[in-house]
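> One structure, as structure tokens, below. Some questions next.
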């Protein structure tokens, strides 16, 4: 199974930045039918923490200021930059979900890049609710890894060709505590926020 981003990769509006710090708010607008709400919310908090805590590159920071990310849960959907929803099939955007499936082309989720047509969908993450979701893995779609990947798209990152990168389009069945950003993921988000470097 794979995860999908929607064209094109882009940057957040300057109003979300203080220097090299990107500040974003998230909100769960519609929960999965498979996972308990508190467990879902805790997992999402941890997913954002992975990006906030793991993007530093020690060698890179010696010659170029690393970016920092700050995430906060919004009080409601209207105040969120990233709205997270579970949806079925046709759900109000141009990209319909394909339902539950086991093949490699089955799409589990999609995310709208920050600059998507300057619409309210910017940065939003949608999961296919026809899939069977679990924070524990087993035979269901393993939510933690898919979540961390989709957050990368919400930050403006495209898919990576590296098989070790979180941003590779095919997901791995890893628990949250085992998920590590690859240097490709770290370089991508630092470049996207702080700009290119000769490092």
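Just so it is clear, glycine is given a Cβ too, placed from its N, Cα and C backbone atoms.
So TrEMBL has the following annotated:
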type: DOMAIN; residues: 14-195; note: domain 'Peptidase metallopeptidase'
type: BINDING; residues: 34, 129, 131; note: Ca(2+) 1 binding site
type: BINDING; residues: 81, 124; note: Ca(2+) 2 binding site
type: BINDING; residues: 91, 93, 110, 126; note: Zn(2+) 1 binding site
type: BINDING; residues: 98, 99, 128, 131; note: Ca(2+) 3 binding site
type: BINDING; residues: 149, 153, 159, 167; note: Zn(2+) 2 binding site
type: ACT_SITE; residues: 150; note: active site
> To the nearest Å, how far is the Cα of residue 167 (Zn(2+) 2 binding site) from the Cα of the residue listed as 'active site'?
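Residue 167 (Zn(2+) 2 binding site) to the residue listed as 'active site', Cα-Cα distance: 8 Å.
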> What does the structure give for the C-alpha distance between residue 149 (Zn(2+) 2 binding site) and residue 110 (Zn(2+) 1 binding site)? Integer Å is fine.
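Between the Cα atoms of residue 149 (Zn(2+) 2 binding site) and residue 110 (Zn(2+) 1 binding site), the distance comes to 10 Å.
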> Cα within 10 Å of residue 124 (Ca(2+) 2 binding site): which of the binding-site residues 98, 110, 131 qualify?
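Of everything listed, what lies within 10 Å of residue 124 (Ca(2+) 2 binding site) (Cα to Cα) is 110.
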> Can you tell which of the recorded positions 91, 129, 150 lies nearest to residue 99 (Ca(2+) 3 binding site) in space, using Cα positions?
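Ranked by Cα distance from residue 99 (Ca(2+) 3 binding site), first place goes to 129.
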> Which one is it: of the binding-site residues 91, 126, which Cβ has the fewest other Cβ atoms within 10 Å in this structure?
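With the binding-site residues 91, 126, fewest surrounding Cβ atoms within 10 Å: 91.
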> Let me know how many other Cβ atoms fall within 10 Å of the Cβ of residue 34 (Ca(2+) 1 binding site).
16
> If you count other C-beta atoms within 10 angstroms, which of the recorded positions 81, 150 is the most crowded?
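Ranked by Cβ atoms within 10 Å, first place goes to 150.
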> Within 10 Å of residue 110 (Zn(2+) 1 binding site) (Cα-Cα), which of the binding-site residues 34, 98, 128, 131?
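Of 34, 98, 128, 131, within range: 128.
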